[in-house]
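According to Swiss-Prot, the protein carries these features:
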- Cys37, Cys38, Cys103, Cys132: [4Fe-4S] cluster binding site (BINDING)
Amino acid sequence: MGLEERLPGGILLSTVEKVAGYVRAGSLWPATFGLACCAIEMMSTAGPRFDISRFGMERFSATPRQADLMIVAGRVSQKMAPVLRQIYDQMAEPKWVLAMGVCASSGGMFNNYAIVQGVDHVVPVDIYLPGCPPRPEMLLHAIIKLHEKIQQMPLGVNRDEAIREAEQAALAVPSTIELKGLLR
């Protein structure tokens, strides 16, 4: 029994934002930015055992211009940070970022001058995925949570304001390396 049989007269009510969110969530094309051991777990997620294609993500994009999800897997060095930002800027709107692993989320065990202490100091992050490295099941769960977040995103001018506020808030936070004396 389908939805058409339940509603009288074939009427289906929704908003444009909900329909667009549903379509966007079902067709994510991730750009992989695998830098360390988390990339191995990300590759196994695309394998037949976990089958990431169930979520419309069977195509990993090699170019940022065709991707709308950046999965940052692993630590980001200070020299790699401008490259990461450039790749993020080349992605078309709408775009989302998933920080995979504790190194991408907070620098991990690499608390030194050469490693960015959280990729959120370079690009705005939508989903943080903890673990060292996180299991493929955790990545699939994070993708499901990202789908829920995408379906709630506004469109048009409201989306532009939400993106601008999120990016300014993420970049205004002091980096962990500046707080180094306070953490010990």
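Backbone N, Cα and C atoms are what each Cβ position is placed from, and that goes for glycine too.
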Inside 10 Å of the Cβ of Cys132 ([4Fe-4S] cluster binding site), count up the other Cβ atoms and send me the figure.
12
Candidate with sparsest Cβ neighbourhood (10 Å radius) among Cys37, Cys38, Cys103, the listed binding-site residues:
Cys37
[4Fe-4S] cluster site, defined by Cys37, Cys38, Cys103, Cys132: further same-chain residues with Cβ within 8 Å of the Cβ centre:
Ala36, Ala73, Gly74, Arg75, Met100, Gly101, Val102, Ala104, Gly108, Gly131, Pro133, Pro134
